[in-house]
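Enquirer: Below you will find the structure I want to go over with you.
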Amino acid sequence: MASDMDTTRALAILAATSFVAMLACVQAAGDESYTFMKDAVQSPQVSYYDYIIVGGGTAGCPLAATLSQRFRVLLLERGGSPYDDERIGNMTRFADTLSDTSPSSPAQRFVSEDGVINSRPRVLGGGSCINAGFYTRASDEYVRGLGWDLEATTAAYRWVEDVVAFQPELGPWQSALERGLLEAGIAPQNGFTFDHLGGTKVGGSIFDAEGRRHTAADLLRYARTDGIDVLLRARVAKILFNVRAGRRPVAHGVVFHDSEGQMHRAYLSNGRGNEIILSAGAMGSPQLLMLSGVGPADHLRSFGITLVLNQPAVGQGMSDNPMNAIYVPSPSPVEVSLIQVVGITEVGSYIEGASGANWGVRRSGSGGDRPHRNFGMFSPQTGQLATVPPKQRTPEAIARAAEAMSQLDDTAFRGGFILEKILGPLSTGHLELRNRNPDDNPSVTFNYFAHPEDLRRCVAGVSVIERVIRSEAFANFTYPYFSVETLLNMTAGFPVNLRPRHDNDSTSLEQFCKDTVMTIWHYHGGCQVNRVVDAEYRVIGVDALRVIDGSTFNASPGTNPQATVMMLGRYMGVKIQNERLGNEGLGRRNL
């Protein structure tokens, strides 16, 4: 028995290195062929539009589709199309996408100054192309707190849901998680709902019944075809401002480069109310403001950037909801599942889970080559294993590690992860430029668990996970001889980040939270409401410029932000249109 136990434990440890890759699996939304979408190399050197939206992501796509119903809109996306990448269209190839660190990869990896490995999207559709697919609305309290109209946000959510949201069908593992949460006291049972309700619920998914991912790019089907141009691989370098003494700076255009390095300029057409809107995300929007001269004066001058507006709050308030997970190897077969069930606790934590029969995807060799596995974010080929010092990541060492992993039996990948994410969070950090290249990642620090309440919430959440693991409902998916302490030690040994480890991870849940912290890709801030933008998302201190995306959030909405970010694009698009129609004496219009 001891030998079998050691073998199972060792296999489980190796299997779990693909956890983050599993959570970030990528699929395309289909084979949409938009006549208004083209590569930026085909665009004119100079063009004019009523609205220029920078960032074709989770907010940018619904925003552009809505504004195009009445105005001429240019949507600039630095990445490619999700419909052109075969890997994105095939769920079994998610690891190939995440292992791709090339400049054209849909996921651009970065490592925060905290030592946590992360990714930002680089594809039309944004984060909805590289997330775990969970769809759930923000609470009514969150909506009212931001001053949003509850009726209008509900209508905007439904507009999104008609295209991208579905009810998932639970398999045995997810059903056991649902029952285990109820047995652990996370009540009541709320069944399937998009709403944010305390207790246990089944949330929505952007995967349909055939397992096909639907993304924010699909929302462009709402666009008026002659009212929008979507340019791919259009890398915006900066926003152009008219600056005159004694007057507020006015945004009037952008400079962008195509994939061949040619420079293009897009300007706002003459017309009162025309605007540039940044929807480049929590990393991209504050970065582009700084590169354009809006940000902390001393920081911008250190890079030789001409100051347009001294705005010290740009890049501040950066937060990333910390995630911690426990790997639970299973004696029974489990379905491949992403996030479907969530326990919304009263202790400030959300409990979710994901399972898989084989996350280390086995590939057929080409020609006479042997089959191999790709482990995605933690594949030896990516050079991101925390246990391998950079100087030792030689091609020979990587090849040996890849070969060793490829020999693992499929049973090594049987099990699941039960994770907790804290709400908020209360800990904040900052973002700074590294250089003047918009393609490079800025430097970002999130200061995970700097606020003691965040750490308390993590400990409370991990305690709930422990109760789920011990529950009768989950008994078929746990080994009886694996104690929770063993599972904590096992998980603490995974190379999930670049932070140091300590010997007391299984006895101190506080240390476990700190040592094993990961991202769940819900980072936000940098252009926050009432600091960088006003309640209408206009950049404070300049004209004709807004920021509409997750960088404006002071806290992450609900258990997953993607539904609310897509909703925000639609909500603000309708609001902007109705305001302009009212100013023009045309009254409100149903869109």
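The backbone N, Cα and C atoms fix where each Cβ goes, glycine too.
Whatever TrEMBL says is automated annotation, not expert-curated.
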Enquirer: Pick from Cys129, Cys458: the cysteine that TrEMBL pairs with Cys513 in a disulfide bond.
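Expert: The record-listed partner cysteine is Cys458.
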Enquirer: Below 8 angstroms Cβ to Cβ, which residues of this chain, lying six or more residues outside the domain 'Glucose-methanol-choline oxidoreductase N-terminal' (281-295), approach it?
Expert: 54-55, 57-58, 110, 120-121, 126-127, 236-241, 305-312, 314-315, 318, 431, 433, 436, 438, 441-442, 444, 523-527, 532, 539, 541-542, 547, 549-551
Enquirer: What does DSSP give as the helix, strand and coil breakdown of the domain 'Glucose-methanol-choline oxidoreductase N-terminal' (281-295)?
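Expert: Summed over the domain 'Glucose-methanol-choline oxidoreductase N-terminal' (281-295), the classes give 11 helix, 2 strand, 2 coil.
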Enquirer: Counting only residues 6+ apart in the same chain, whose Cβ is under 8 Å from the Cβ of His522 (FAD binding site)?
Expert: Asp320, Asn321, Lys421, Ser556, Asn560, Pro561
Enquirer: Hey, what's the Cβ neighbour count for Cys458 (disulfide bond) at 10 Å?
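Expert: For Cys458 (disulfide bond), the count of other Cβ atoms within 10 Å is 29.
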Enquirer: State the count of C-beta atoms found within 10 angstroms of the C-beta of Val236 (FAD binding site), not counting that atom itself.
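Expert: Taking every protein chain into account, the count is 25.
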Enquirer: What's the number of neighbouring CB atoms sitting within 10 A of the CB on Gly550 (FAD binding site)?
Expert: 29
Enquirer: Fewest neighbouring Cβ atoms within 10 Å: which of the recorded positions Val123, Cys513?
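Expert: Lowest Cβ count within 10 Å among the recorded positions (Val123, Cys513) is Cys513.
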Enquirer: Could you list the residues of the same chain, at least six apart in sequence, whose Cβ is under 8 A from the Cβ of Gln562 (FAD binding site)?
Expert: Thr58, Gly127, Ser128, Asn131, Phe134, Tyr135, Ile206
